[in-house]
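A quick write-up on the structure given underneath.
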Amino acid sequence: MAHESLLDQHKEKHFTAGEIVRDIIIGVSDGLTVPFALAAGLSGANVSSSIILTAGIAEVAAGAISMGLGGYLAAKSEADHYMRELKREEEEIIAVPDTEAAEIAEILSEYGIQPHEYAPVVNALRKNPQAWLDFMMKFELGLEKPDPRRALQSAFTIAIAYILGGFVPLIPYMLIPIARKALVASVLATILALLIFGYAKGHFTGNRPFRSAFQTALIGAVASAAAFGLAKAVQG
């Protein structure tokens, strides 16, 4: 058909991995800032690099598990919500079909479609219950069918991203035994990582990359400075 050949010739380029990118952003941003702040805070308390490294690794492990579990539960809740609404909408189509058909007409009219134009669409959907149900879920409730693998995928993506981000500020403590010197290297490594991550985040999310890089690095710097200052205050 003509419209099919046109669609074959014109392939739109849209970024469709939004959920995965969101999980990576959550994991890496927390992974970079939380262990960084912890290590900076402990450095301010005049402890050795080995102690900071042990505490940092423990925090990364606990944080990855906690963040991954949070991602799993969030995705699972979204899937459960979708299934509840799907069941309710299915029951309404059976119990009050005329009301549901009127809702289709109302939805289409909001797009400027006239009654004589949407009437055939309404009738066609009434003859196809599954398409009718899909239409109501998407256009009335604004819900997309979730990927059944989404919960586990989210958990693993966030956890791995957290681990990868979390080890960046800890690597200097593996190589430099004096905590104060390791702190300087950790600050430089983490700020560089935050700038790179912020730039990439801005690029993929459609925001201004350089502004995103600056904001991300600033948040990490403020978090670590606050932790370092608090540790020094408690020590003093």
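Think of each number as a place in line: the chain as shown, counted from 1.
Keep in mind that glycine also has a Cβ here, set from the backbone N, Cα and C atoms.
Look at TrEMBL and you will find 20-45 (among others) tagged as transmembrane segment.
The transmembrane segment annotation in TrEMBL covers 51-75 (among others). Sequence-distant contacts of the transmembrane segment (51-75), counting only residues of its own chain at least 6 positions beyond either end whose CB sits under 8 Å from a CB of the stretch, comprise 23, 26-27, 30-31, 34-35, 38-39, 42-43, 146, 150-160, 162-163, 166-167, 169-170, 173-174, 179, 182.
The annotation transmembrane segment is assigned in TrEMBL to 155-176 (among others).
Per TrEMBL, the feature transmembrane segment maps to 182-200 (among others).
Within its own chain, the transmembrane segment (212-231) is flanked in space by residues 29, 32-34, 36-38, 40-45, 187, 190-191, 194-199, 201-203, 205, which lie at least six positions past its ends and keep a Cβ under 8 Å from the stretch. Sequence annotations record features per position, and here TrEMBL assigns transmembrane segment to 212-231 (among others).
Away from its own ends, the transmembrane segment (182-200) comes close to residues 28-29, 32-33, 36, 39-40, 43, 49, 52, 165, 168-173, 175-176, 209-210, 212-217, 219-221, 224 of its chain (Cβ-Cβ under 8 Å, at least six residues beyond either end).
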